[in-house]
Amino acid sequence: MNQEQETKLVIITGMSGAGKTVAIQSFEDLGYYCVDNLPPALLPKFLDLMKDATNNIQKVALVMDLRGREFFDSLFEALDVLAKENWLEDHILFLDAKDEALVTRYKETRRSHPLATDGLPLDGIKQEREILDELRGRAQRIIDTTSLKPRNLREKILKVYKEEKQEVFSVHFVSFGFKYGLPIDADLVFDVRFLPNPHYVSNLQPLTGLNPDVSSYVFKWSDTQTFIDKVTDLLTFMLPQYKKEGKSQLVVAIGCTGGQHRSVALAEHFSKVLSNGYTTHVSHRDIDKRKVL
């Protein structure tokens, strides 16, 4: 590979039960194209596809989950090829944990270790640790997850691998009409049907909350301003808590009767207000439904 290749590669490997599933989910939140359990023999071919400029894939994370020595041999062959092509400057992440912690995790999940004989996880763990010892030595980064909860592991990965100024947590405001049902993906729902309805103002009825005349009408009422102040205070308090708990996205739904006027104007407003501290998005689920009814 030439030096102009911009694709960033992270290979996630390590002990079974050490947190590879949490790790790959964390890389997904960072915008990586993720593949779980790619056979090592397919790794060079897969990366050849990544070289195709039309893919426009700049960040790739792969979980290499070894299930036997035959995979181990083919993985090292693949790593040797990648090293010659300058893929692996700082891209092998090895997740580890003490035997006692791994045994406890397998007991809690009631799953068997992939290399265990007679269902005894410790036997499989010892065998896997022996197989992976050399690979562990080649890793550029090792994370011991013994004392880490899934949330802590995610935070650690985000801290290490996120790009400068990259914001992982985002807030999506969506307007909707109650007559069409609640958004199924909403985390928080606010009902603004108590506010004066532009639908009953003849010159505003055919417009939407995206129109300045409609938004001015919605915002001119004291109840609207009180609602905005209280919701802004609530979100200012809650968003850092959701972020701290490890959520990558919060969906805030704002509903009025038909999803045309009040909810649209307010969703736009909150998206702009909160954009000072967060990555925000706004969409209007039902804004076009009146046209087809």
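Cβ coordinates come from backbone N, Cα and C, glycine included.
Remember, it's a predicted structure, so these values are computed and weren't measured experimentally.
Residues or ranges marked as ATP binding site in Swiss-Prot (evidence: sequence analysis): G14, M15, S16, G17, A18, G19, K20, T21. Secondary structure at A18 (ATP binding site), taken from DSSP and collapsed to helix, strand or coil, is coil.
In sequence order, T13, S16, K20, D36, N37 constitute the residues six or more apart from D65 (GTP binding site) in its chain with CB-CB distances below 8 Å. Per Swiss-Prot, the feature GTP binding site maps to D65, L66, R67, G68; the stated evidence is sequence analysis.
Same-chain residues that are not part of G14, M15, S16, G17, A18, G19, K20, T21 yet have a Cβ within 8 Å of the Cβ center of the ATP site turn out to be A23, L95, A97, L102, T145. Under a cutoff of 8 A between CB atoms, and with a sequence separation of 6+ in the same chain, the neighbours of G14 (ATP binding site) are K20, L93, F94, L95, D96, L132, R136.
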